[in-house]
Every structure is written in structure tokens, then in C-alpha cells.
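J.: Pasting in a structure now, in C-alpha cells, and then I'll have a few things to ask.
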Amino acid sequence: MGRKKSGISATKHDISREKLTNERNTLYYLIFAGLLILLFYPPYFRGLFFDREILPTHIYSGIVFLAWVIYRSTNLKETRFFRSSIDYAALAVVGAYFLSIFAAVNLRYAVGELLKYINYFIVYYLVSDIARSEGDKKIILWTMVISAAGVALAGIGAAAGTINYPGAFVGGRINSTLQYPNTLAAYLTAALILGLGLQVTSERRWEMTILAAVNYTLFLAFIFALSRAAWLMFPVFYLILIISIPGLYKMKVIGYSLQTFAAGIFASPGFDSSISGGETSKVWFWYLVGLIFAIAVFYIFEKLSERFTVRIKPVTLLSVFVILTIITGVGVYIAFTTEKPLTLAHGPKEPESWKTSLHTVSNVKPDTEYVLKVIVTARPGQEQDKWGGAVLIKSVDKNNKETDIKSEFFNKALDHQLVEIPFKTRTDTTKLRIGFANNFPGTSVTFSNAEIFEANDRAAGQRIILAYKYIPEAVAQRLSSISFGEFSFQGRLSFYRDALKIIKEHPVLGIGGGGWKSAYFAYQSYRYFTTEVHSFFLQLMVETGIIGLLTFLAVLVLIIRNMIISNINKVDDQKHSALNTAALSSAVAILGHSAVDFNMSLPAVAIYLWALLGIAATIDGGATIPVAKRGQPASKFYATWVVCGITLLFILGSWTLYTGYSYGQKAVRAIQSGDIAGAKEAFEKASKYDPFAASFKADLSQIYDIIGEQGKNKEFKDKALKLREEAAAMEPYNAKLKSLLAATYLREGRLEEGLSLLEEAAKLNPYNISVWEALAEGYEKAAEVYIVKNEVDRAKELLGKCLDIPSKIIELNRKSPQSDPGVVKLVATKDLMLYLKKAAMLFEIPNSDTVKKLKDLVFAADFSIDLNEDGQPDLWTIWGEGEIKINPGENARVIPAGESAVTLYLSEGINLEPNQPYIVELKADVLEGGYKIDIVADNKEVFSLTADKGEFVAPDDIEGKDTRIRIFVNPKSDIYLGEFLLYKK
């Protein structure tokens, strides 16, 4: 029998409430306190994102839940576990994660996500079952709001520098204990909506005063989380609260929220300037100013409302709304047109960091001379290179890709000095992004009156508003960067497209919990790193398919249905309904923002959401639950026994996984201290307690391999191989584990099996250049073996595959979305270049002499290879102006412009052995002019050559130095560069 329909009479509702009140004892209060602790602490431990925090929470939740199930069956004599269709839907979400285990691509992650959703169900059930009265609900909601206020205060303290919590304040944004600003903003939005719901339903003035202070604190931290998506969505969630809350409270929620907004906006400019100026005490000063403002305004309006209690006519209300709208519009116009000088500074003890104010200038012409004019006051540091300020000018092309075109640093003290910075736009420039920056401790800079104009038309200038007088600088910067072409937005679109590929292939059950972070490399459209989809609903479908999505939506639909029926039938009084509405609106705020971010991947936020759903699930006012009669057989409690048994399994499973995690951490510490035996023992126990973790098996295999190599012990080497095979089988999408196993096979002479695994790895992680390096090395080295065995045909087949790798990478790069500014295309590395060159030489002369010769080749660069098709040879950074033309498969033509030289500088360092003689070869065709080759170590010349071949001996102190190759192409030269080779002599 489920929870009563919404049409149930209030008298029947009161039965279960009265019964629970009468049956309360010490155990009840301990359980209730345990629930409140569970709702309070999660945000303070990195959002429970890591195993170290979430697994103990599972154990704790399980114990509290087990105690409640026993209490309700023994003390309350309630025989039915499920009370409503919402309960079934909530449990069905857990069921979807259980089913997805059978389709999981990573069993350990899938089990981990299942445990999380069991925990979320526990939170939902405890809250919805224990909150049977308005008082219980308010205690739970107060706990959740006060917890969020503590999180907000921790973030403000981190911004002030008085609270030292890792990652709580980074890059000028408040992350607080959740360590991610966008999730913090979503969480604070939900908490603020909840706080407003509590404030309007409170009848005691001291409660409302506390909530006025709390809501202000939440709103201020929300602003300085600087989440653009949260800012854009906030009006929608706020409007949902206003529309859905009962009519008695609409004006109150508008009034209290406007007081909160006014206090936050009033304190923001001073709060922001104190942060950017590194003034710790002033950060707290402005917070307190806003706090006093919030409380004072609340008291003033309360007194006024008591004195002037009148019935407001609709026409009057509409008139007030229109007037307020006009005033707001005028205020916004003034705020966005009133400017002030931009000041950026670091306090003497503030760590070095980039503080940059970015400004976009759209109306510019390509390939045109411009001048930036600005008045500068700069205070540099004591040391010569500690400049006070800088202006950084970047060209932005149609795909929103940025290229540096001018940088100006102010190393000397300046006092209101007019500075003119000339620069020229590129041929592909569509707009400019100009950064005004400060970086070093004890330095400061002030910019004002910035203007940009064409060099030959000073009359047609564009004014750049550097800072707004009434808008915090950090806020203004984030607002100005809102764009559909912006990196973050385009990146998310790429994630979503790739997630839909997975969903299309696995629509019903998905690929299990944690499936995205296990498999996304195989589906990504360019090289990016994100363990989350940045969309809860898409991630839910990736992990559990359409089944998971439908079950979760069922929870929401059923709760909303109950709310509608309850309001129609007036089952609950308006205060009770207002609390439920606030809880549901708060949940909608979390879910709305989670549609475009990964908030729900932080269990602390998910727990918050499911607690809100638990409150909202009591919309019909309570439940009439079947009660066992005295003398009834134990079989009537079968549901209780089943639930207790499953809960015990949940607790035991979480404990074993946590024990495995603990031994894994112990093994890591043992390795760091050089204790191989201790690491072996710890990893063995870790793998025993957490048999689903392939990483423990892979790590243990490494230990066995070391022991086997050191002691020439075949038994341990066999064990290592077996563990690697098991690990690779457990995670079929893990390219790293396949590559590890492939290396073992190749080492043991199982060439075909090893190459097959390397080819699989390249398919699973195609946008990782290291897999192509490993595959090229595998092909080349296997070919050497086949040549020595006189199997030349097979060797040439493998070498052909190796030489085909560049074309495959170019094809991948061309498939990458060209409009996404976050796309970083694959380029050749020195290792890939080396094996490609070796493969080419072997393919041309496949004999043992060539194999022997190649053992001395330590570096190779082919100037005709340009995998990312940017017009520059891979491996080299180009300095100087001139024309460079790539002729694929042949050479690169370099023609310096005018009197300037062109320098090709090796992007990666090379390793040279001390006192080892080397031979340098540069294959080039000089049509005009000439070149010079330098080998430098830590920017000091080791060897110089102007011919196409030469020899040198590496210095005895070269080890550990940053060794690079420089090629100077002289002015007025015309040279075809083919390849650069470096051999040991």
C-alpha cells in the first residue's frame, strides 16, 4: 500500500504524524541527528568527489539508514517499505545503475556509481520518511541552508586570504570547498532559493534576521563564483520560485529577495577591488558592510510593513512594478556607461599570479597598422624583471583562435604617462583581444583613457572602457566574455556531440557508471581532457541509457503531479506548501544548471538534490503507512528484513572498497620511499579488497615485473603478465593498459599480439600522440626483428603501416571541429619523427646493415611534415618574418622577408651523453644565401656549423641541461630544408 493520494483528508494525514511524535525516543533523536550530520558535512570535504571521502560516507549513510529501518519497524510497527509511487521511481534509478553493470566498460566505476545512487536513495528515503511534520522539514531545511552558508563563508575567507583551503579561491573566482566555481554557483543558487523559502515562512523575527544575513552571504559568494551560466540561469529559477510559491508569499519573497540583491550589489564593488588589490582586511570589511546593510534594510522594511499594513490594489502593484523596471533600466544604463581607471595590483606577500583584464575590440580591419593609446601609472618590483604592468594584444580569427601580435611591458615607474603602442593586425584578424595585466608581488599598475585607432586615421578611434565604476571588475570581465563562440561554450558542444555518439551506440542500458571517463577518448572529436560530460542528463544516458533517464524523469514528474493535485485539493496549508515549493524550486535550480555542467558528479551536490526531492516528495502532507498489529508473524516484516540485508551488503561493500583504497595509498607511499616489498604487500591487499580495480592489478604487475627482473625470477614475470592481461580485459577501452600489455608481448617476442594491441590502443585513443609514437616504435622495431630473421616482406608491410601514420593523423586533425577555439591539433613529436625516419630508411634499404646504422641515430627531423597543417614544420618554433612553404613528402622552403632572418628553434629538448662524439647532417638545397646551425644547452652555444655536415663532442656537463637545436636562415636567402639528422659517432 503506498502513500495516500492527494485527496486524503487532513485528519488521516495527522495519524502518522501524531504516531511518530508519540513514539519518539532517544534512538529516534539519534537517527534524526545522524541524518542532519549527513546533510551538513558533505560540501566541506571536496564535495565527496574522491574515494577517500565518499566511501566512508556510504558506510555512515548505511548505518543511519539501517537504524531507521529497524526503528520504524520495531517502534512504529510500520510494515511497508514503499510508501508511494515516487519511492518506486527513486529506487528504479538505482535499478538502472544496477542493470548498467552488465553493459559496463569499467566494472569498478560502475560499482562505484551504483553505490553512490544507493546512497542518494538512502538520503531521499530518510528525508521523506522522517520529515512528517512541518517542524521536521524546517529543521532539515535549516541544516541545509546553514551548511551552504558555511561553504559561502569559507569561499569568502579564501578570497580574503584568511582561510587556507586548497583550491577554494583560484584565478579570482571563489570555488570554496567544492573546488569548482560553476558547481558552487549552482549549489548556492539552490541554497538561496531555499533560504528565501524559509525566510518568507518564518514567523519569528530573529529567524528572519538570521536568514537575511545568510541569504546575503549566499548571494555575495554566488556573484564572485563568476559563473556566467549560473548568472544567465538565475532569473529563470528565481521566476520559477515566484510563480510557484503560494500567493500569500509572492510579495514577501520578492521583497526579501530584493533586499538580498541590493545588499550584495551594494557590497560588490568594494569587495571586488579589495580582492584585486590584495587587501585582506578590506575584503572582510566590505563583506561586513553588506551584512549590516542587509540586516538594516530588513528591519526597516519590517517596521514599515507593520506600520503601513494596507491592501495593495492590482493597479497599484502594476504601477510599482513599471516604476521599478524603469529605475532598474536607468540604473543598468548608468552602470554600463560610467567608467573608472583600471587598477591591478599584488600585495607584497601575495603570490605571483596573472591578473588580467581582457577587452575585445570587434571593429578592426585585417592587415592594417593600428595604435593603442593609454595613460599608464606603473609601480614595478625591486628586481629588474618584475615589471609593474603589461599590455598584451592578440589577434582573433574567424574560428576564435588567438595569436599574439604585440606585448608591451612596463619595467620602469610611470606616473600618468601617455603610452602609444603601434601594432599591425594579421591577414586573418577578425577582432582583437587586448589584455591589461599585472603579475608580480609588490607591484601595481593603473590604466585609463584607452583608445585604439588606425595609424593613418587618428580621428576614427574606438574607446575601450577599462573598468566600470559601479560594476565589479571581475563581474564585468565575465559578462563581456559571454559568447557562443567562447572556448567554454564550444568545448561543451563538442562534449555533447561526442556523448551522443556513445548514446547512439548504446541506447538502452548505456555503458555503465563512469562509462564516459572510461570511453570518451575513443569517441572524442579532438584532443581534450574531461572526466565528465558537463551535462547531467547526457551523462545519465551515457551511463544508464534511456532506462536511467526515464526513471529519473519519473521521479520529477510524480513529484510535480502531486504538487499540482495538492494545490488543487488544498490538502496542505499555504506555509507547508511554500516550503515544498521552495524545496522543489531549489531542486530545479540544481538540475537546470546541471544540464550544462557536471554538478551532479560531486556527490555532495547530488545528496543535496536528493534531500530536496525527499522534502518535495512529502507534498501531500504526510503518509498513512500500514502498521503491524500485535502478535502478527515476522513474515509481515519481510520487506524490512530484505532492506536490512541489502543495507548490510551496501555497508560491507563500501568498507571493502575503502579498505582497498587505503592499501592502495599505502602502496604508493611505499613506492615513494623505495620500499618495493612493502608496495608489493600493500598492492596485493588492495587488489584483494577491491578486485574490480584494474589499476591495482596493473600497478601490482609493475612491482612483480621489477622483482622478476632484479631476481631473474620467471614466476614473478609470469604473474606480472597474467595481471596485465586481466587488467586489460577488465577495461576494454583503456588504451594505456593495452599499451602496457603490448610492451610486455613485444619484449617477449610475441610481435603480432603486441602490434595488434597497439593498433587497438590507437583506435581507442586516436587523439593522443603518444599512442601513435608507441605504434610507430612497435612497427619499426618489429620490422627490424623480421629483417634480421630475413622476413623482408613482412618487415616492409609493417614499415609501410608506420609510414602511413602521418596521413592518418592529418585525417584526424581535419575531422576536428574548426569552429571550436579549444581545438589543439596533433603535431609530430621528436620520438614519432625518429621512428618515422628509421622506418623510411629501413623501407628503402631493408637489410641488417641499415638496422645496425639506425642504432646510432638519436634524433631526426623531417621539415616536410606538418601534421596540423599550420604552414610550419612540426617540431620547430619559427621566429622572424618571412615565407615558409611546406612541400609534403619533400621539404620546406624558407625565404626571409627583407633584411630580417628566420630562426627555426627546436620545440622539444634532446638528450646528449657527456663526452660522446656526434655527427650532424642537414639535408638542404640552398638557392640563395645561407644558414647556420647551433646546438645550445641552457641557452649557451655547444656547437656551431655553417655546412651541411659536421662533428662535435658533447661537453661533460651537458647531462640534465635543456639542449636545443637552432637553425638561422640568413636574410635574403632562399633555402629548401629537407631533414636534420643527429648520429652517435
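Glycine is treated like the rest: Cβ placed from N, Cα and C.
Predicted automatically and left uncurated, TrEMBL annotations should be read as such.
Pulled these from TrEMBL:
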- 483-553: domain 'O-antigen ligase-related' (DOMAIN)
- 735-768: repeat 'TPR' (REPEAT)
- 27-45: transmembrane segment (TRANSMEM)
- 57-74: transmembrane segment (TRANSMEM)
- 86-103: transmembrane segment (TRANSMEM)
- 109-127: transmembrane segment (TRANSMEM)
- 183-201: transmembrane segment (TRANSMEM)
- 208-226: transmembrane segment (TRANSMEM)
- 232-249: transmembrane segment (TRANSMEM)
- 254-271: transmembrane segment (TRANSMEM)
- 283-302: transmembrane segment (TRANSMEM)
- 578-596: transmembrane segment (TRANSMEM)
- 602-625: transmembrane segment (TRANSMEM)
- 637-658: transmembrane segment (TRANSMEM)
J.: Is it the case that the transmembrane segment (232-249) and the transmembrane segment (183-201) touch, counting contact as three or more CB pairs under 8 Å in which the residues of each pair are 6 or more positions apart?
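T.: Yes, the stretches contact each other.
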J.: Would the transmembrane segment (578-596) count as touching the transmembrane segment (109-127), if touching means at least three Cβ pairs under 8 Å and pairs must be 6 or more apart in sequence?
T.: no
J.: Is it the case that the transmembrane segment (254-271) and the transmembrane segment (183-201) touch, counting contact as three or more CB pairs under 8 Å in which the residues of each pair are 6 or more positions apart?
T.: yes
J.: In the same chain, who gets a Cβ under 8 Å from the repeat 'TPR' (735-768) while lying at least 6 residues past its ends?
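T.: Residues packing against the repeat 'TPR' (735-768) from afar: 521-522, 524, 526-527, 694, 698, 701, 705, 720-721, 724-725, 727-728, 774-775, 778-779, 781-782, 785-786, 798, 812, 826.
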J.: Any residues 6+ beyond the ends of the transmembrane segment (27-45) with a Cβ under 8 Å from its own?
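T.: Tertiary neighbours of the transmembrane segment (27-45) are 53, 57, 60-61, 63-64, 67-68, 71, 75, 123, 126-127, 130, 136, 139-140, 143-144, 146-148, 150-151, 154, 176-178, 187, 603-605, 607-608, 611.
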J.: Could you give the residue numbers and ranges of same-chain residues that sit at least 6 residues beyond the transmembrane segment (57-74) on either side and whose C-beta is under 8 angstroms from one of its C-beta atoms?
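T.: Cβ under 8 Å, 6 or more out: 27-28, 30-31, 34-35, 38, 42, 48, 81, 115-116, 118-119, 122-123, 125-126, 129-130, 603, 628, 637, 640, 643-644, 647-648, 650-651, 654-655, 658.
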J.: Near the transmembrane segment (183-201), which same-chain residues lie under 8 Å Cβ to Cβ, leaving out any that are not at least 6 residues past its ends?
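T.: Contacts of the transmembrane segment (183-201) (Cβ under 8 Å, skipping residues fewer than 6 from its ends): 43, 47, 138, 141-142, 144-145, 148-149, 151-152, 155, 174-176, 207-208, 211-212, 214-215, 218-219, 221-222, 225, 227, 229-231, 233-234, 237-238, 241, 245, 249, 252-253, 256-257, 260, 575, 578-579, 581-583, 585-587, 589-590, 593-594, 597-599, 602, 605, 608-609, 612.
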J.: Give me the DSSP three-state residue breakdown of the repeat 'TPR' (735-768), ordered helix, strand, coil.
T.: 27 helix, 0 strand, 7 coil
J.: Cβ under 8 Å to the transmembrane segment (86-103), counting only same-chain residues 6 or more beyond its ends: which ones?
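T.: Tertiary neighbours of the transmembrane segment (86-103) are 2-3, 110-111, 113-114, 117-118, 120-121, 124-125, 128, 506, 509-513, 515, 543-545, 547-548, 551-552, 554-555, 558-559, 562, 610, 613, 617.
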